[in-house]
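Straight from TrEMBL, the features:
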- B:17-256: domain 'Glycoside hydrolase family 65 N-terminal' (DOMAIN)
- B:320-698: domain 'Glycoside hydrolase family 65 central catalytic' (DOMAIN)
- B:Trp355, B:Asp356, B:Lys610, B:Gln611: substrate binding site (BINDING)
- B:708-767: domain 'Glycoside hydrolase family 65 C-terminal' (DOMAIN)
2 protein chains.
Amino acid sequence: MLNYDAGQGEWSNWLVTETGFDPAHQGKGEAVLSIGNGYMGLRSATDENYVGQVRNWFVAGTFNKFDEHEVTELPNAADVTELSITLNGETFSLEKGRTISYSRQLNLKNGELTRNVVWQSPTGESFELQFRRFVSLSNRHLVGSSVSIKPLDGQARVHIASGINGQWTNSGAQHFTEGEKRIFEKTYIQMTSTTTQSVVDFVTNTVHHWQLNGAKVEPELRQTMGRRKVGIEGTVTVEAGQSVTLEKISNVHTSRDLVYNNGGYSLEQMRESALTELKQESQKGYDQLFRESANAWADTWSTYNIEVDSTSGYDQLAIRFAIYHLVIMTPAHDNRMGIGAKGLSGEGYKGHSFWDTEIFILPFFIYSNPKIARSLLEYRYQGLDGARSKAKENGFEGAMYPWEAAWIEDGEVTPVWGDVDIVTGEQTKIWSGFIEQHITSDIAYAVWHYVQSTGDEAFMDQYGYEIIFDTATFWASRLEWDENKGRYHINEVVGPDEYKEHVDNNAFTNHMAHFNMELAIQYYEKLQQEKPELLKALSAKLDLTSAREAWNKLDQMYLPGPNEQGLIPQDDTYLQKKVIDLTPYKNQTKVASIFNDYNLDQVGEMQISKQADIMMLFFLLENKFEPDIKRANYDYYEEKTLHDSSLSLSTHSILASDFGNRPLAYDLFRRASEIDLGPHMHSSDAGIHSASLGGIWECVVMGFAGVRMLDGQLHLDPKLPESWSSLKFPLYWQNQLLHITITAEGILIESDAEEEISLLLSGQQVTFSKRFQTLV
Amino acid sequence: MLNYDAGQGEWSNWLVTETGFDPAHQGKGEAVLSIGNGYMGLRSATDENYVGQVRNWFVAGTFNKFDEHEVTELPNAADVTELSITLNGETFSLEKGRTISYSRQLNLKNGELTRNVVWQSPTGESFELQFRRFVSLSNRHLVGSSVSIKPLDGQARVHIASGINGQWTNSGAQHFTEGEKRIFEKTYIQMTSTTTQSVVDFVTNTVHHWQLNGAKVEPELRQTMGRRKVGIEGTVTVEAGQSVTLEKISNVHTSRDLVYNNGGYSLEQMRESALTELKQESQKGYDQLFRESANAWADTWSTYNIEVDSTSGYDQLAIRFAIYHLVIMTPAHDNRMGIGAKGLSGEGYKGHSFWDTEIFILPFFIYSNPKIARSLLEYRYQGLDGARSKAKENGFEGAMYPWEAAWIEDGEVTPVWGDVDIVTGEQTKIWSGFIEQHITSDIAYAVWHYVQSTGDEAFMDQYGYEIIFDTATFWASRLEWDENKGRYHINEVVGPDEYKEHVDNNAFTNHMAHFNMELAIQYYEKLQQEKPELLKALSAKLDLTSAREAWNKLDQMYLPGPNEQGLIPQDDTYLQKKVIDLTPYKNQTKVASIFNDYNLDQVGEMQISKQADIMMLFFLLENKFEPDIKRANYDYYEEKTLHDSSLSLSTHSILASDFGNRPLAYDLFRRASEIDLGPHMHSSDAGIHSASLGGIWECVVMGFAGVRMLDGQLHLDPKLPESWSSLKFPLYWQNQLLHITITAEGILIESDAEEEISLLLSGQQVTFSKRFQTLV
């Protein structure tokens, strides 16, 4: 139903095309073709309604909690995209009549979503309909949409009901108190609403412009108001071959916007200011507003452009698709906001941030746009208070980051209950919020990764040390002394592999905690020598004297290592568990098919992994393990891994690149890209997979190009897939922008600045300025 | 789309049939064919979902307020009727493929809703589907539904997803906190939920039984849980000509149920008790449960049976339709609950009770089932505290009843904002809750009507006097002294005609207030003589000494009377207002079409009436006005009345009967019946029209048969429509059940009891016992 090769010339490998409409599979197109700008995300529900449609519009950071029994989530805002179109008395719907042609396209290059339909109504009259829609990248509050309708067979009465509809919910949870509905000058429509618990005001405006054959026309108009609804209905008589166009320019402002949040704005002033903006902007019309946004997209693509020469154009498109979504999911404008696990493209995971950001997405920004990476880490800094509260509530010290994070003040927001337990008939308890604790060291790792790659000492001084010290303090307090073994353990956790709950000494968790504490000691010592004043200030805040003492526990910490077969046990009991044939559950169209036959307790008793666990450890701390150990473990665990998490395939692909297994690495890259782009029509229903999209960039840049930061050094170790003849990508290193071109013939590195650049190229130290080239 | 003559033999004039499915007009069938039992009302949304569908399930009295800015309303409970049916991979939907035959029928006699469809899927395979559904009249918590599917062309995989879905809202307002979802024994499904503000617990259970050709079969089953959802998916392979049946038996209990409300039940006990009930009941199967309910319907019809011999069978059906809905809308089981203006058939008017109950519906119960009439008045008695609070808040004394009433403790619940004002673009303010005050005397009138007709002195002692005294006290405090005219006025009100707001001396309001005070004085004097102890007790509670003094103001009260033209001014300014040609706005398919051209302020400046106002006064206080005055005013005001309220036509019909204009009376009766049954496909979208349905009974019994209680006497003054050869109806009078038969040849009255009956028959006093017959 989706194809990727419709683009020709300028648009080659830029177009994602939906070739037919299937009401049973709307989620796919809604999520994959969603549009946005990081401030807002607009899921691409069709203008007309269908059963099964999920119409979502999210504004980043506007979290609200429905009630005390639920966790906070991004509320689904009042909609401006819905149109009810009636053509000579027949409501336009692709479920009836005959669809003569259909094509819906997301243009990744300019951010426009278009849909072209020729539809024959049940009475036999044909119409050509063209829909266009964009979320502006140049004015973050703005949405433009347009529909043109041309009757092909004879005169038609075209009736369109449009407006603002606040009846939509998050799967039944209504997050808004209805405010005022208003039509100004019979033209501008405004609705205000306020989130019920977090008290965030939303002001939504829209205006309609009607044209007949490109000239302004006044339709017969009716103003309408209903519960949580305000709109207009317009009717125009159109001759055969004429075209009537309805342009709709809309905006949304919320009291979380920095401009309102920091000042003493009243709701009245917000309304005035948002309406004034709409009045001014809408004068420009759809085309001009769209051009402004498309120009901003052009700038964006010049920042992130990766060029691939592959025998399959799809590879280029898949990379662009990943970057497109990384751009629209990221609230780069506001460091009080993180990235949702489904971006802003669906209700899944409620807009919450997981380790997905730090481990799968942050590298993209560290190496492509470090300012945004910094903003994302500042978000985590602002979450420290919540992390400290969580530690305290759990009887620990320091900062224990929430498994799921939402608004900076919220602390832990992981829901407690999940899907059905097929054995007990109860909801399955979700343990991640309680005991999936590696997120804390993942964030410390990310801070280190960022600063090592950028050299942003100012960030460290202001935020970074505090995060690293206080997370290390958490781990020190978290360690449990085992009297028998005479060492520290970390018991009763969930590691990255979420099919194993309540395990002791998860290898990933232990190693990363150790890394976190080790890092704290290193930085502590560095500050002692280089910045004693800063250390003193931090000590006053964090009681670093006793913390430093506690970190020493790492010396007596149990770090799972290879056994006689060279296998690192994923946890204390994994390797003793039953092994079953997983063939029936691998590569299913639906992930987690194992739960049709077993419940989580039963799966927990077998050697079955949801996702990369030990492999993730190998990727993050690659220096700590020998290549042959990695290979042996890869072979062992890959067999047991269902890749039921979208965080899994890309990691395996990178490791395959590390091993030099190019066909496998490429195959895993393709499979990872198909998590959203593939033929599984329900995999993206709840939204695209943010981490997987970051993972695609990682497969390419960290896998195929072998970019890595090790011991503060930039490494490049290209192993292009056999079908790729070249790969070109931008890369920031220590505040320098490099342009790297890898071909079968050799490697070219260019730098925009004069400074000397030093890196390890396939193990060889090279130093240059401006330009470096090597031929095979 | 609806027809009424499908019933043959036993079912003649009992079947309301929807002959085709139109997704643009679902509201009509949903409301008109809705089912219920007074405890609950289930709107007849189709099993499968369509855009535009409104799926409602209300349990009487469970009001909840979404937030402080809204008024309380009946919350839309978690649904048990939705099915998603997939036949060989194609989702069943009448919007696609081909509908070869379609018929949906509500059987008014046994309360069953059935739907028979032959559907050809887009792939060309045909299926016969039969749906059945009932709400039990014998076990008020119970709903039965069933679908049988027969593939006609070949083997088919039949997949049905079913369960309990709590994602539904009231037009976007979610009233429930999600509770626990649970599947017991892989069979019984339970969901608990609690209203957010009123904290009413709901326990919903359902169980699925599968049969193949009538024999039990085990489908391939999958258990599912989602947000606010729990269910199962079952798949069965069916050969051509075989039939697979899914029976679903469901129940709902709420903590408002008297059994839980009065005792110290915990939610756990409620869950246990509701589940146990479902387990026991569901053993019986759909057919047996339906038979039990049908038997209860048979008893009900023997109570309310009206038989008409008309040249048009529709007349008989329309009366049955009215009575059917009067039965299912009335929470006869619980005197803490009133009747909603849309019954339990839609979200319109939020389940609130208006004067509709006392003036349009109560007479049906007074004369057909006085126990229920009493329960409805007890509901008003329990609302006295709220009425006293409202009086106090408005600076008055006594009891000022809310224009809209919900839960007994709620007081005034009329919303403040309505539809768009086309001139200002703001929402129109609804003044009824502030100044439509005649509801208070309407309730006093109803108490009097009830007791005069039933002789229920016990009710008066316990409840009635208190209502009448305290409402009279309100009016005494409400009167305003006009120094110039030297008399009391009632200024700044809305009368029954809601197109005139802020008027002075609305004739209906003034006369009814006067009646209320007059009644209080009469009863006060009666109690002085007959029950001084009771008067003393009431005096202690209500300070009757000063109240009695205040009631005397009625002597100086202005009661609008006929002017020189014999016209009673509807209010002080009505007759001076502009008159326009109302032809374009009369008999429109959509009521209130005048607001497409004018706003309410503008309509208020013209002689335009929404509904009967003076006519209502003539009906209620018919002794106070001379026949020629009534005629003159009828002719004058009828011209100005748009009948934009469903409370209008029936009153005009009764007056036409009173005038002896049989063709007009019959025509108005037919038009009144068409408010719900007529061809206007959107008139019932928000629910059926309770008052109008009561009005249909009034047209027949109080209009055509001329039944009236005047000065404590029963009057009978038949004026059958010319097309009717006989009318037979039951009538309670002073606790005696009379069976009245009116034919062209004469009148027969039979009594079940021995006591002497006395009545005025067409003005002649007759007295008899057991049987009276007169021939023309």
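Each Cβ is built from the backbone N, Cα and C atoms, and glycine gets one as well.
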Applying a 10 Å Cβ distance cut-off over all chains shown, what neighbour count does B:Trp355 (substrate binding site) have? 26
In the same chain, which residues outside the set B:Trp355, B:Asp356, B:Lys610, B:Gln611 have their CB within 8 A of the centroid of the CB atoms that define the substrate site? B:Phe354, B:Pro496, B:Glu498, B:Ala612, B:Ser645, B:Ser646, B:Leu647, B:Ser648, B:Ala691
B:Asp356 (substrate binding site) falls, by DSSP collapsed to helix, strand or coil, into helix
List the helix, strand and coil residue totals of the domain 'Glycoside hydrolase family 65 C-terminal' (B:708-767) as derived from DSSP. 0 helix, 41 strand, 19 coil
Note down the number of other Cβ atoms within 10 Å of the Cβ of B:Asp356 (substrate binding site), including every protein chain shown. 28
If one looks at the chain holding B:Gln611 (substrate binding site), which residues at least 6 apart in sequence have a CB under 8 angstroms from its CB? B:Pro496, B:Asp497, B:Glu498, B:Thr641, B:Leu642, B:His643, B:Asp644, B:Ser645, B:Leu647, B:Ser648
Far apart in sequence but close in space: which same-chain residues, 6 or more away, have a Cβ under 8 Å from B:Lys610 (substrate binding site)? B:Asp497, B:Glu498, B:Tyr499, B:Thr641, B:Leu642, B:Asp644, B:Ser645, B:Ser648
